[in-house]
Amino acid sequence: MQCALYDAGRCRSCQWITQPIPEQLSAKTADLKNLLADFPVEEWCAPVSGPEQGFRNKAKMVVSGSVEKPLLGMLHRDGTPEDLCDCPLYPASFAPVFAALKPFIARAGLTPYNVARKRGELKYILLTESQSDGGMMLRFVLRSETKLAQLRKALPWLQEQLPQLKVITVNIQPVHMAIMEGETEIYLTEQQALAERFNDVPLWIRPQSFFQTNPAVASQLYATARDWVRQLPVKHMWDLFCGVGGFGLHCATPDMQLTGIEIASEAIACAKQSAAELGLTRLQFQALDSTQFATAQGDVPELVLVNPPRRGIGKPLCDYLSTMAPRFIIYSSCNAQTMAKDIRELPGYRIERVQLFDMFPHTAHYEVMTLLVKQ
């Protein structure tokens, strides 16, 4: 991938950009095999990759510069701002949005937040695009509600320029810390969720719900999980850390009992909406802590699917799964180190299948999915 920002030394986020994709995949596979070296693996499936540029469905832009000349991008460690509107990881459809946002920031008088001086209002711009219809969700992260009336007043101009903006919100993040969002979300549009579709499964994205940033690879990840589950004698499963329900909605069949658990209520609202559209009455989603939910249950499903954050599922849940001993565990992870650590805490299981998904090209990161079978 050619990147003018990298060539000019202005951005180093894609640390592996100079390596061809096949070399990157080889290095990631070697890393994964090294992490799982202590465990016999029955089958290594071929790694899955997608486009090497223009694949991201989300931009998280730090807003800096001045209200007349805002910059959208990032801050270097020394506080120097960098405009990343030309980042080749973004699809071409993002360029007109960035181009319209800069004059809009001036029109609405949204002074960029200055970290050093602790002054200003507009901290971040968060943009998400749906692959299914090109609709977009735009979030303005502000320090306070001071400029909210001005923003509302100027908004019709932006909506006229960018009719693809289906969901627009303001998020209030009052803390002087590098935290992307606060708890308060104010909707400026009637529509509150962005419609998405992977493999004919309807999905919804709400402002504070996690959604994978590489749709081409994520859709293959979900389809693979569905294929693995269909090959197993499973009538009852849990989907823990389920997010908007991507895994559960793909794996569920009309006669399967499936419970999806996720701590973020916004994500659960999305999952419930999808389940209703699919008419899956035996599929239920609840906004709870995954570990607390699992350890309080006496009824054990045949399969537990986990897709935890980078920290992994942790010892309490590993201990519980070891004791309750579901026949199958599918572990999807964005951090193979913590996954390997967790598998070590599940001594009664063997690894039947492992597959790497290159969700984050040009970096050392990757997603991995593992099928564990009770011995």
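Heads up, the Cβ atoms here are built off N, Cα and C, so glycines get one too.
The [4Fe-4S] cluster site recorded in Swiss-Prot includes C3, C11, C14, and the single candidate from C87, C242, C251 that the record places there is C87.
Sitting within 8 Å of the Cβ centre of C3, C11, C14, C87, and not among those site residues for [4Fe-4S] cluster, are the Cβ atoms of L5, Y6, S13, I17, L84, P88, L89, H362. Those residues of the chain, other than Q212, F241, E262, N307, with a C-beta within 8 angstroms of the mean position of the S-adenosyl-L-methionine site C-beta atoms are F210, C242, G243, G246, F247, A267, P308, S332. The highest number of surrounding Cβ atoms within 10 Å, among the binding-site residues C11, C87, is found at C87.
Note: the Cα of C87 ([4Fe-4S] cluster binding site) and the Cα of Q212 (S-adenosyl-L-methionine binding site) are spaced 19 Å from each other.
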